[in-house]
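As recorded in TrEMBL:
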DOMAIN    13-106  domain 'Type I cytokine receptor cytokine-binding'
Amino acid sequence: PVFAGMNGSAIENFSCVIYNIFLMNCTWQAGRDAPADTQYFLYWQKSRDDDEMECDLYIKDETGRNMGCIFQNVSTGAEKAYFMVNGSSKDSRIQFYDEYIDLYKIEKLMPPSNITVNCDEIKNDCTIQWQRPQISHSNKDKCFKYEINIKYK
(Lines of atoms letter the chains of each structure in order from A; the text may use other names.)
(Lines give C-alpha, C1' and ligand atoms only; values in the text may rest on other atoms or scores of the structure.)
Protein backbone atom coordinates (compact mmCIF):
# COMPACT_ATOMS: atom_id res chain seq x y z
CA PRO A 1 0.00 0.00 0.00
CA VAL A 2 1.01 3.60 -0.64
CA PHE A 3 0.95 4.50 3.08
CA ALA A 4 2.73 1.35 4.26
CA GLY A 5 4.87 1.87 7.30
CA MET A 6 4.62 2.09 11.03
CA ASN A 7 2.02 4.61 12.25
CA GLY A 8 3.63 7.70 13.78
CA SER A 9 6.93 7.20 11.96
CA ALA A 10 6.47 9.91 9.31
CA ILE A 11 7.98 13.34 9.95
CA GLU A 12 5.94 16.07 11.66
CA ASN A 13 5.90 19.90 11.57
CA PHE A 14 7.35 20.23 8.08
CA SER A 15 7.96 23.82 7.00
CA CYS A 16 10.05 25.68 4.45
CA VAL A 17 11.01 29.32 4.00
CA ILE A 18 12.76 31.09 1.13
CA TYR A 19 15.09 33.91 2.13
CA ASN A 20 17.78 36.09 0.53
CA ILE A 21 15.90 35.68 -2.77
CA PHE A 22 17.21 32.21 -3.68
CA LEU A 23 17.92 30.15 -0.51
CA MET A 24 15.32 27.74 0.85
CA ASN A 25 15.47 26.20 4.31
CA CYS A 26 13.18 23.27 5.17
CA THR A 27 12.91 21.69 8.62
CA TRP A 28 10.90 18.93 10.29
CA GLN A 29 10.72 16.82 13.42
CA ALA A 30 11.07 13.07 13.62
CA GLY A 31 7.85 11.09 13.86
CA ARG A 32 6.84 10.60 17.50
CA ASP A 33 6.90 6.81 17.13
CA ALA A 34 9.83 6.52 14.71
CA PRO A 35 12.58 4.07 15.72
CA ALA A 36 15.77 5.69 17.01
CA ASP A 37 17.73 4.69 13.90
CA THR A 38 15.28 6.31 11.46
CA GLN A 39 16.95 8.49 8.85
CA TYR A 40 14.91 10.89 6.70
CA PHE A 41 15.48 12.04 3.12
CA LEU A 42 13.89 15.08 1.45
CA TYR A 43 13.02 15.25 -2.26
CA TRP A 44 11.32 18.09 -4.06
CA GLN A 45 10.08 18.91 -7.53
CA LYS A 46 9.54 22.53 -8.56
CA SER A 47 6.98 21.66 -11.24
CA ARG A 48 5.69 18.61 -13.09
CA ASP A 49 8.16 19.30 -15.90
CA ASP A 50 11.21 19.42 -13.62
CA ASP A 51 13.22 16.51 -12.30
CA GLU A 52 12.86 15.47 -8.69
CA MET A 53 15.87 16.57 -6.60
CA GLU A 54 17.17 15.21 -3.33
CA CYS A 55 18.56 17.56 -0.73
CA ASP A 56 22.32 17.84 -0.99
CA LEU A 57 22.90 19.89 2.18
CA TYR A 58 21.10 18.28 5.13
CA ILE A 59 20.81 19.84 8.57
CA LYS A 60 21.48 17.15 11.17
CA ASP A 61 20.56 16.86 14.84
CA GLU A 62 22.96 15.75 17.59
CA THR A 63 22.42 12.08 16.68
CA GLY A 64 23.21 12.62 12.98
CA ARG A 65 19.58 12.32 11.87
CA ASN A 66 18.56 14.56 8.95
CA MET A 67 16.14 17.16 10.35
CA GLY A 68 16.25 19.81 7.65
CA CYS A 69 17.75 20.89 4.37
CA ILE A 70 19.16 24.00 2.71
CA PHE A 71 18.62 24.44 -1.02
CA GLN A 72 20.49 27.03 -3.08
CA ASN A 73 19.53 28.76 -6.33
CA VAL A 74 15.80 28.31 -5.76
CA SER A 75 13.41 30.27 -7.95
CA THR A 76 9.66 30.32 -7.59
CA GLY A 77 7.12 29.66 -10.28
CA ALA A 78 3.40 29.61 -10.86
CA GLU A 79 2.92 25.92 -10.04
CA LYS A 80 2.91 24.35 -6.61
CA ALA A 81 6.15 22.58 -5.75
CA TYR A 82 5.99 19.00 -4.50
CA PHE A 83 7.90 17.95 -1.37
CA MET A 84 8.31 14.40 -0.12
CA VAL A 85 10.22 13.13 2.91
CA ASN A 86 10.72 9.40 3.23
CA GLY A 87 12.60 7.49 5.86
CA SER A 88 14.48 4.29 6.44
CA SER A 89 15.11 2.15 9.48
CA LYS A 90 16.58 -1.30 9.92
CA ASP A 91 13.80 -2.08 12.43
CA SER A 92 10.62 -1.21 10.50
CA ARG A 93 9.08 0.51 7.49
CA ILE A 94 8.75 4.29 7.76
CA GLN A 95 5.75 6.23 6.44
CA PHE A 96 6.49 9.02 4.01
CA TYR A 97 5.23 12.61 4.22
CA ASP A 98 4.35 14.73 1.20
CA GLU A 99 2.96 18.20 0.58
CA TYR A 100 2.39 20.68 -2.25
CA ILE A 101 3.52 24.25 -1.49
CA ASP A 102 3.22 27.55 -3.37
CA LEU A 103 6.81 28.73 -3.15
CA TYR A 104 5.97 32.42 -3.45
CA LYS A 105 3.88 32.14 -0.27
CA ILE A 106 6.86 31.00 1.81
CA GLU A 107 9.28 33.70 0.69
CA LYS A 108 10.52 35.90 3.53
CA LEU A 109 10.95 39.31 2.00
CA MET A 110 13.97 41.46 2.63
CA PRO A 111 13.46 45.04 3.86
CA PRO A 112 13.50 47.93 1.40
CA SER A 113 16.94 49.28 0.48
CA ASN A 114 18.45 52.67 -0.33
CA ILE A 115 16.13 54.54 2.01
CA THR A 116 16.52 58.30 1.80
CA VAL A 117 14.81 61.03 3.80
CA ASN A 118 14.86 64.67 2.74
CA CYS A 119 13.15 67.16 5.00
CA ASP A 120 12.44 70.82 4.38
CA GLU A 121 12.14 72.61 7.72
CA ILE A 122 10.73 75.75 6.12
CA LYS A 123 7.87 73.88 4.40
CA ASN A 124 7.63 71.49 7.34
CA ASP A 125 7.52 68.37 5.15
CA CYS A 126 9.66 65.36 4.31
CA THR A 127 10.09 63.13 1.30
CA ILE A 128 10.96 59.52 1.97
CA GLN A 129 12.07 57.23 -0.86
CA TRP A 130 13.25 53.60 -1.05
CA GLN A 131 13.81 50.75 -3.42
CA ARG A 132 11.57 47.72 -3.28
CA PRO A 133 13.43 44.61 -2.10
CA GLN A 134 14.33 41.95 -4.64
CA ILE A 135 11.96 39.00 -4.81
CA SER A 136 12.13 35.80 -6.78
CA HIS A 137 8.58 35.57 -8.08
CA SER A 138 6.91 37.38 -10.93
CA ASN A 139 4.08 39.27 -9.22
CA LYS A 140 6.60 41.92 -8.33
CA ASP A 141 4.49 45.05 -8.03
CA LYS A 142 1.32 43.64 -6.51
CA CYS A 143 2.95 42.29 -3.35
CA PHE A 144 4.11 45.36 -1.52
CA LYS A 145 2.41 47.58 0.98
CA TYR A 146 4.56 49.77 3.18
CA GLU A 147 3.89 51.30 6.53
CA ILE A 148 5.96 54.24 7.67
CA ASN A 149 6.34 54.89 11.36
CA ILE A 150 7.69 58.38 12.06
CA LYS A 151 9.00 59.15 15.52
CA TYR A 152 9.90 62.66 16.53
CA LYS A 153 12.88 63.28 18.76
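Here the Cβ of each residue, glycine as well, is placed from N, Cα and C on the backbone.
In terms of DSSP helix, strand and coil, the domain 'Type I cytokine receptor cytokine-binding' (13-106) has 4 helix, 46 strand, 44 coil. Per-residue pLDDT, averaged over the domain 'Type I cytokine receptor cytokine-binding' (13-106), rounds to 91.
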